[in-house]
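Asks: Quick paste from Swiss-Prot:
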- GLU586: active site, charge relay system (ACT_SITE)
- LYS717: active site, charge relay system (ACT_SITE)
- ASP793: active site, charge relay system (ACT_SITE)
- HIS892: active site, proton donor (ACT_SITE)
- 71-82: compositional bias 'Polar residues' (COMPBIAS)
- 106-263: domain 'SSD' (DOMAIN)
- ASN37: N-linked glycosylation site (CARBOHYD)
- ASN342: N-linked glycosylation site (CARBOHYD)
- ASN346: N-linked glycosylation site (CARBOHYD)
- ASN443: N-linked glycosylation site (CARBOHYD)
- ASN475: N-linked glycosylation site (CARBOHYD)
- ASN797: N-linked glycosylation site (CARBOHYD)
- ASN802: N-linked glycosylation site (CARBOHYD)
- ASN896: N-linked glycosylation site (CARBOHYD)
- ASN910: N-linked glycosylation site (CARBOHYD)
- 62-85: region 'Disordered' (REGION)
- 385-498: region 'Linker' (REGION)
- 499-829: region 'Catalytic' (REGION)
- 12-32: transmembrane segment (TRANSMEM)
- 107-129: transmembrane segment (TRANSMEM)
- 136-156: transmembrane segment (TRANSMEM)
- 170-190: transmembrane segment (TRANSMEM)
- 208-228: transmembrane segment (TRANSMEM)
- 237-257: transmembrane segment (TRANSMEM)
- 364-384: transmembrane segment (TRANSMEM)
Amino acid sequence: MIGRLFRAHGEFCASHPWEVIVALLTITACMLTVDKNNTLDASSGLGTATASAAAAGGSGSGAGSGASGTIPPSSMGGSATSSRHRPCHGWSQSCDGLEAEYNAADVILMTIVRCTAVLYCYYQFCSLHRLGSKYVLGIAGLFTVFSSFIFTTAIIKFLGSDISELKDALFFLLLVIDLSNSGRLAQLALSGSNQAEVTQNIARGLELLGPAISLDTIVEVLLVGVGTLSGVQRLEVLCMFAVLSVLVNYVVFMTFYPACLSLIFDLSRSGVDMSVVREKAKGSLLLKSLTEEEQKANPVLQRVKLIMTTGLMAVHIYSRVAFSGSDYDAVDKTLTPTLSLNVSNNRTESGEIADIIIKWLTMSADHIVISIVLIALVVKFICFDNRDPLPDQLRQSGPVAIAAKASQTTPIDEEHVEQEKDTENSAAVRTLLFTIEDQSSANASTQTDLLPLRHRLVGPIKPPRPVQECLDILNSTEEGSGPAALSDEEIVSIVHAGGTHCPLHKIESVLDDPERGVRIRRQIIGSRAKMPVGRLDVLPYEHFDYRKVLNACCENVLGYVPIPVGYAGPLLLDGETYYVPMATTEGALVASTNRGCKALSVRGVRSVVEDVGMTRAPCVRFPSVARAAEAKSWIENDENYRVVKTEFDSTSRFGRLKDCHIAMDGPQLYIRFVAITGDAMGMNMVSKGAEMALRRIQLQFPDMQIISLSGNFCCDKKPAAINWIKGRGKRVVTECTISAATLRSVLKTDAKTLVECNKLKNMGGSAMAGSIGGNNAHAANMVTAVFLATGQDPAQNVTSSNCSTAMECWAENSEDLYMTCTMPSLEVGTVGGGTGLPGQSACLEMLGVRGAHATRPGDNAKKLAQIVCATVMAGELSLMAALVNSDLVKSHMRHNRSSIAVNSANNPLNVTVSSCSTIS
């Protein structure tokens, strides 16, 4: 019941973050603006009236009271009570003689408290820093700052204390702030993938942490509050500060902190890649420990706390109520306001700004100690702690393993057998060495004892349950059941059993945990393929958002292959500067393209998208040639074409039929639909529209037989003259003029040499080879590199690499170079397919073309096509210059085989070039 209340409270704070934060700030502002003068005046008036009444009563009762109406000492309830309960309370009033209590013992005690608070706060922040998440560390720092602000406000206004007393009060707040709980809640919140999941995670965290924290707060308040009953003014002040620290920390943690977590996620989801933060949060030890089993309170400890709470409440009730009817209380109520007013009016104000500054800047002994501690901690963090401990551990792992091996006395044969048995256990032990140990050091003795330690920590490994029992758990909808309740070995046994319960190709959706599904699939494939153990270890699979891969990019996933991504640029295109991402494993490609960008950007590249249209060409058959000709004529009729276009356009918001080319081959028709597809590459969009158009044509010609939705007249992912002639995708043309000075300084050549090489190589040589669309040097290199980086279909480089590179001598003296690149079939898009993957999406963002254009659909895809064509021009120019200068082999040797020094000047022909990537 209590847990559900905290869960509801957490949902409210997380779903209404602005309201909670504004309400808390409003309350704080009200505390800051409270006018205590009215309260003081009322209290003074009451005290004066009461004193007058007492004086009148005293004079009327006889001479025993004195003519002045002074109350005798006997009426104050005895010396014992007076000494214990003074009428001046140090936390709310200015008391004479209070400064005298700042003796040597007090200075020593407060110095110890301050140093302890600083060290404890430093320890907590270092613990959070080791998690590797700057977001959690920043949120914890925000929590500390806001708590300090509210605590300071309460000290100054709510308790009426002096500003100078903050030097003692703030250290008590640092002592009670527990950043471990705030770190747990922050990581649990940041593990959510959307706002609704974050809200539920915060509510779940408060449900688990709230009851225990609330009980601890009550116990701490009652326990520390006993000090306020001591009658020792200095102790009462310190205990009151501590009590208020506990309360402020609890209020901020239960209200401001969950609202702040929810708000930070909501504001940062468009500007911060939260997947990195979520992966760090999911992989941390804190989040792994935040489970129901770990957070279940110890019943014995809970009972002890309840007993302590009851006893402490009894102490407080007795101490505060027992003397409520005594004479002391009457006198205290009578005299306290008057004495407080007199002291306040007669004492020298120590809270003036100048006095406070002088007092705080005075370097006493305790100030020197605190300063030394702070400086030492800062130096320690900067010079020693702010390093990644993993390299130190890796450097020590070799000597440690050797020392452990040397310390063994097991015979070699037995050791070999045990090594095979404990392969899996040793892997787990190595993992635990990096996650459990706080120190990065180890020795031989600790290494040899790790296996028993593992069994003590993890517990005995349970054998897999029967398959039928595992199936019942897998299909159960009860809480605590489902795939999460099964071990990896049990999932493997279910897959091996066959059936439709957990097929290997759908294991991610069955487990509802894609990364775990990929891990188990790797185990199964490794076993079925009889691979050596660890063969797939170098193929990464962790820390990847597979939800964006499933049903979009790849099936039967085993992991991912990292490809280096470089950039070429700056590239000045149509007045804008771009840094073009290129993913490749071919050395010198990015460097060569970058050199071309440097030459082109002197005067800039101009581009134009001449035509747009994705194609799909179904193949249909008719009973006779005459019937096929009749159908061709019917489709080409303008009125009938509009009917077909209406059916085609009804399948998509962006797909619009633009043209229809029909080729007849006997009784077969090849109908090539051409459509614009917005910012998508559009093959699936056109296929869907073509299918709907064929259905409409079939209504007019029932004897038409659909042979294939794609009849290779499109033509997709194959060299084809029709794409070279009629185009497919985006038809882009770029041009640029390179000055003679740029040719000499950047490319080390001249215009006439480049023009002659282009004529003989790209035109004559391509014609001799019968190349289709190959009138270029190496356009496919740049096209494929940009395609891989931006999430395009890599296989479409076959069609997209069609390029005609032309060069002419320019200007009056013919020393400048005029260059154009025409690419009639660039198939690119900025939405769909691989463009949604995190890395590829980042590269599109780098170019400013991620996703669909907000106002003009299709503009982002056009801009990407223009960038690709301009990048191809840069690569073409640089390679042509390298060819005429004999720099090609030299550059490839330098970038691909740096250990081989090639001296082309002294020995230009005696070089082995078989290891070069590609020489066009």
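Every residue gets a Cβ built from N, Cα and C, even glycine.
A quick note: this is a predicted structure, and the numbers were derived from the prediction, not measured.
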Asks: State which of the following glycosylation sites has the fewest other Cβ atoms within 10 Å around its Cβ: ASN475, ASN797, ASN802.
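Replies: Each of the glycosylation sites ASN475, ASN797, ASN802 was scored; lowest Cβ tally within 10 Å is ASN475.
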Asks: Roughly how many Å lie between the Cα atoms of ASN802 (N-linked glycosylation site) and ASN475 (N-linked glycosylation site), rounded to a whole value?
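Replies: Between the Cα atoms of ASN802 (N-linked glycosylation site) and ASN475 (N-linked glycosylation site), the distance comes to 53 Å.
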Asks: On a C-alpha basis, identify the one among ASN475, GLU586, ASP793, ASN797 that is nearest to LYS717 (active site, charge relay system); the candidates are the recorded positions.
Replies: ASN797
Asks: Could you check which of the recorded positions (ASN475, ASP793, ASN797) sits closest to GLU586 (active site, charge relay system), going Cα to Cα?
Replies: ASN797
Asks: Around ASP793 (active site, charge relay system), how many other C-beta atoms are within 10 angstroms of its C-beta?
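Replies: A count of 17.
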Asks: Fill in the CA-CA distance, ASN797 (N-linked glycosylation site) to ASN475 (N-linked glycosylation site), as an integer in Å.
Replies: 45
Asks: Between 0 and 100, where does the mean pLDDT of the region 'Catalytic' (499-829) sit?
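Replies: A mean pLDDT of 95 is what the predicted model shows over the region 'Catalytic' (499-829).
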Asks: Test of understanding: give the count of other CB atoms lying within 10 angstroms of the CB of GLU586 (active site, charge relay system).
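Replies: Neighbour count, Cβ to Cβ under the 10 Å cut-off: 18.
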Asks: Do you know offhand how many angstrom separate ASN475 (N-linked glycosylation site) and ASP793 (active site, charge relay system) by C-alpha?
Replies: 38
Asks: Tell me, how many other CB atoms lie within 10 A of the CB of LYS717 (active site, charge relay system), whichever protein chain they belong to?
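Replies: That number is 15.
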